[in-house]
Amino acid sequence: MFNQGLEETPKESTSKKSKSKSNSNSNSNSKASSSSSSSKSASKPKPKSKVKSVHLSKSLPSTTRDGRIQSELRAFLSSPPPNIRVTVGSNLSQWLIHLTFPPTTAYPNETYKLKIKFPSTYPSTPPSVYFLPPTPPHEHVYTNGDICLSLLGSDWRPTMTAETLAVSIMSMMMSAKVKSRPMDNAMHAGAKPGGRQDNWVYHDDSC
């Protein structure tokens with residue numbers, strides 16, 4: 001009986017070691033799985049521009065308004081500016097621009113949307129450009145979404161593009177040190193956004 005007991009003891013010990021190894025392997029696999037999952041999450045691709053294929057499937061005459069807009073859209077998609085993407089639905093003359101700001105700005109990792117509407121007289125006259133709600137707090141951005149930017153009015157030139165405006169607005173906002181509103185915001189906040197800026201008096205030379 002005593003000898004049998006001694007012979008059984010190693011078996012029990014081996015069994016415990018086996019379980020221990022099994023648990024160790026299980027934990028190792030679990031960690032590897034978790035690490036793999038974390039790696040996949042970290043490498044998640046950034047959102048891309050979305051444009052209906054019908055807008056690019058057939059080239060439009062370059063001398064027409066729509067041909068000019070299509071040409072701008074192709075250029076935008078082929079080489080998009082950093083942190084800026086475009087969405088175009090069923091209407092080629094209406095764009096949605098997504099601006100995502102770096103962590104070092106006054107708007108860390110925040111995304112705001114610009115609405116761009118091209119008039120029938122484009123590019124002789126500038127497009128209508130304004131922010132959709134929620135609008136970013138900026139000294140040149142009214143709460144209704146309008147933007148105090150001379151390029152949208154008196155300084156517009158037909159050689160400019162929608163991408164030019166998007167980059168200019170992005171740059172204007174990235175230069176902000178604090179979040180604020182225009183001094184005359186209360187007078188303008190109730191207006192319908194996107195109106196022509198023919199008679200605007202701009203805040204300063206930087207807008």
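Just so it is clear, glycine is given a Cβ too, placed from its N, Cα and C backbone atoms.
According to TrEMBL, the feature region 'Disordered' maps to 1-67. Marked as compositional bias 'Low complexity' by TrEMBL: 21-42. The annotation compositional bias 'Basic residues' is assigned in TrEMBL to 43-55. Taken from TrEMBL, the feature domain 'UBC core' applies to 64-207.
Applying DSSP to the domain 'UBC core' (64-207) sorts its residues as follows: 34 helix, 26 strand, 84 coil.
For the domain 'UBC core' (64-207), the mean pLDDT of the prediction comes to 93.
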